[in-house]
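According to TrEMBL:
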{"type": "ACT_SITE", "residues": "HIS187", "note": "active site, proton donor/acceptor"}
{"type": "ACT_SITE", "residues": "CYS214", "note": "active site, nucleophile"}
{"type": "COMPBIAS", "residues": "84-93", "note": "compositional bias 'Polar residues'"}
{"type": "DOMAIN", "residues": "117-238", "note": "domain 'L,D-TPase catalytic'"}
{"type": "REGION", "residues": "58-93", "note": "region 'Disordered'"}
{"type": "TRANSMEM", "residues": "21-38", "note": "transmembrane segment"}
Amino acid sequence: MAVFPHRSGQSDHPLRHNARVLLAALACIALIFGFFSIQQHRADMRATTRAVSGSSTTVVHRKVPAPDGTHTLNKSAVPAINASPGTHTNAQNKGTTVDWRAASGGAQPKLSEYKNLSITVDLSAQRVYVCSNGKTIYTMIASTGLNDSTPHGDFTINGRGDHFYNPSDGWGADYWVSFRNNVFLFHTVPTKQDAGTYVVSEAVKLGHPASHGCVRLTLSDAKWFYDQVPDGTPVHIS
């Protein structure tokens, strides 16, 4: 019986070919994964500017535990606030000096220490009351809608974002929290297109009606409200 010498190239060639194909496939998968990771990172970096247009809101969120431990808040990255201060003497609330950057109600409570939260907006007083078990625990100076344009009734906190801009008005705001369909919001005094660029001529109107229907708050109050008040909190406006 003849014995033929072994030719390694004949039997190893298919194995080497399959290995090369497998390595090439893995490299392609890695490249595709890397591409989408970079695209997602870029999208997250662009997410500091949000848009609220009509009832449609585009916001990239991350989920964090709510203060009361029973909800999950959808919260975006918070933009920096400009350093320029602003105060004024409110004409409607005589003798009251309002700093539109500071907490208007003094020390802001930690809402994780309270249960059965609710929000009351008093349109005549231009005040927002944060309550626990029906008792007021924090009061904020606000500006509601001109010509009684803030809706009356009972609503629910149902969304939030760090910034929006409405091109038709030429204004936006930071730290918005929706109480009706992402259209009617609690938020800071108005900004220009970029987050943190506040419109001082509008900011000094805090304490009397000035908005298109939303509820304006000082910068500190709006950020605290955005951070602390969970989705599902009832809101009464009258």
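Backbone N, Cα and C atoms are what each Cβ position is placed from, and that goes for glycine too.
Per-residue confidence over the domain 'L,D-TPase catalytic' (117-238) averages out at a pLDDT of 97. The residue listed as 'active site, proton donor/acceptor' falls within a strand segment according to DSSP.
Just so you know, the Cβ of CYS214 (active site, nucleophile) picks up 25 other Cβ atoms within 10 Å once every protein chain is counted. The separation of HIS187 (active site, proton donor/acceptor) from the residue listed as 'active site, nucleophile', Cα to Cα, is 8 Å. For the residue listed as 'active site, proton donor/acceptor', the same-chain residues 6+ apart in sequence whose C-beta sits under 8 angstroms from its C-beta are PHE164, ALA173, ASP174, TYR175, TRP176, VAL177, CYS214, VAL215, ARG216, LEU217, ALA222.
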